[in-house]
Amino acid sequence: DIVITQDELSNPVTSGESVSISCRSSKSLLYKDGKTYLNWFLQRPGQSPQLLISLMSTRASGVSDRFSGSGSRTDFTLEISRVKAEDVGVYYCQQLVEYPLTFGAGTKLELK
């Protein structure tokens, strides 16, 4: 199985700051069609996970442009600019390049 690793944030974030959340895969997620099969989700407290970004960098419908995804093959970053209270929750990355589809353990974002 592909192992997805996410790091914890070292400190709570101040509202208005930017933050980067990292994700690493044990195998390249660049498929033969040229697309990178990595999703980002946000699970807000008490809610179901919401898809933020698919194919590494494509924002889902209705998702703020404060969220951006980037990366290459095995190393990925979710950048959140001008953090707001509504961004608090657990961020998960997911690989879709092979079954079983696997998630990282999540990165919790908290505000100061």
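Each Cβ is built from the backbone N, Cα and C atoms, and glycine gets one as well.
Now, the feature entries from Swiss-Prot:
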REGION    1-23  region 'Framework-1'
DISULFID  C23-C93  disulfide bond
REGION    24-39  region 'Complementarity-determining-1'
REGION    40-54  region 'Framework-2'
REGION    55-61  region 'Complementarity-determining-2'
REGION    62-93  region 'Framework-3'
REGION    94-102  region 'Complementarity-determining-3'
REGION    103-112  region 'Framework-4'
Legend entry - Dominant neighbour of the region 'Framework-4' (103-112) in 1-23, 24-39, 40-54, 62-93, by Cβ pairs under 8 Å: 1-23
Legend entry - List of residues, in chain order, with Cβ under 8 A from that of C23 (disulfide bond) and at least 6 apart: I4, T5, Q6, L38, W40, G71, D75, F76, T77, L78, C93, G104
Inset, instruction - Between the region 'Framework-1' (1-23) and the stretches 40-54, 55-61, 62-93, 94-102, work out which stretch tops the count of Cβ pairs under 8 Å. - result: 62-93
Legend entry - Recorded stretch, among 55-61, 62-93, 94-102, maximising Cβ pairs under 8 Å relative to the region 'Complementarity-determining-1' (24-39): 62-93
Legend entry - C-beta crowding around C93 (disulfide bond), within 10 angstroms: 31
Legend entry - Tally of residues which DSSP labels helix, strand or coil - the region 'Framework-4' (103-112): 0 helix, 5 strand, 5 coil
Legend entry - Contact set, same chain, for the region 'Framework-3' (62-93): CB under 8 Å, 6 or more residues outside the stretch: 4, 6, 13-30, 36, 38-45, 47, 49, 52-53, 56, 103-104, 106-111
Legend entry - Composition by DSSP (helix, strand, coil) of residues within the region 'Framework-2' (40-54): 0 helix, 9 strand, 6 coil
Inset, instruction - By DSSP assignment, list the helix, strand and coil residue numbers for the region 'Complementarity-determining-1' (24-39), in that order. - result: 0 helix, 6 strand, 10 coil
Legend entry - For the region 'Complementarity-determining-2' (55-61), mean pLDDT (0 to 100): 98
